[in-house]
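Annotated features, as they stand in TrEMBL:
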DNA_BIND  124-221  DNA-binding region
DOMAIN    2-116  domain 'Response regulatory'
DOMAIN    124-221  domain 'OmpR/PhoB-type'
MOD_RES   Asp51  4-aspartylphosphate
Amino acid sequence: MKILIVEDERRVAQFVERALAELSHTTRVAPTCAAARDALADTPFDAVILDLGLPDGDGLALLREWRASGFNEPVLILSARDAVSDRIHGLDLGADDYLPKPFVIDELIARIRSLLRRHAGAKTTVLTHGAIRLDLLSRAATLDGQPVELTSREFALLELFLQNPGRVLTRTLIAEKIWDASYDMETNLIDVYVRRLRKKLEPSPDRPLLKTIRGTGYQLA
């Protein structure tokens, strides 16, 4: 799942980013209000971790804007403002959880997991295709019941294919969904990741998992 980290303290942002990456979540860091607005405008995120004291504004103003615009994915406030009144105010404005700094990373991860579970609702949380099973909450993949180790990008790419069975996914679409604005279309990185998935998940070349559509992209077979 994609999680936006709105945090201007580089050390904190990297700390959280590494912990989420280990759970196969895709992350993006926005150090300012402006960067956070841009990120949410061009990429669908499944959750947001929001600091309040940002260089160009208050995170609460961002939260208010997002909720007013209809953004209803979970938002966890991560802030040094630890007074009870601050927590109440943040929750009243639409935050789903509030964790004061300093924090324990295991607690943050547990809270994020809980938020994602609660907001899953009617959304599909397990995707299957043949012998492949992808659990979106535990971030686990199996093939014929056996665990398959996937990187966060590989997991996100496989999730995209399983959500679009039979649909031809262009390289441009894949880049937008998995790499967002940071992807350089002149590289062959998408092809590299597709080859990795094939190596890990295809039973044999005669029974392809991902079909190459020449000049266009790929399709889940």
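A Cβ is built for glycine as well, from the same backbone N, Cα and C atoms used for every other residue.
Bear in mind that TrEMBL entries carry predicted annotations, made automatically and left uncurated.
Here the structure is a predicted model, which means the values were calculated and not measured.
Taking DSSP states H, G and I as helix and E and B as strand, the domain 'OmpR/PhoB-type' (124-221) has 37 helix, 28 strand, 33 coil. Confidence for the DNA-binding region (124-221), expressed as mean pLDDT, is 87.
In this structure, Asp51 (4-aspartylphosphate) belongs to neither helix nor strand by DSSP; it is coil. With a cut-off of 8 Å between CB atoms and residues at least 6 apart in sequence, the same chain places Val6, Glu7, Asp8, Glu9, Val12, Gly59, Ile77, Leu78, Ser79 near the residue listed as '4-aspartylphosphate', listed in sequence order. Counting residues per DSSP class in helix, strand and coil order gives 54 helix, 27 strand, 34 coil for the domain 'Response regulatory' (2-116).
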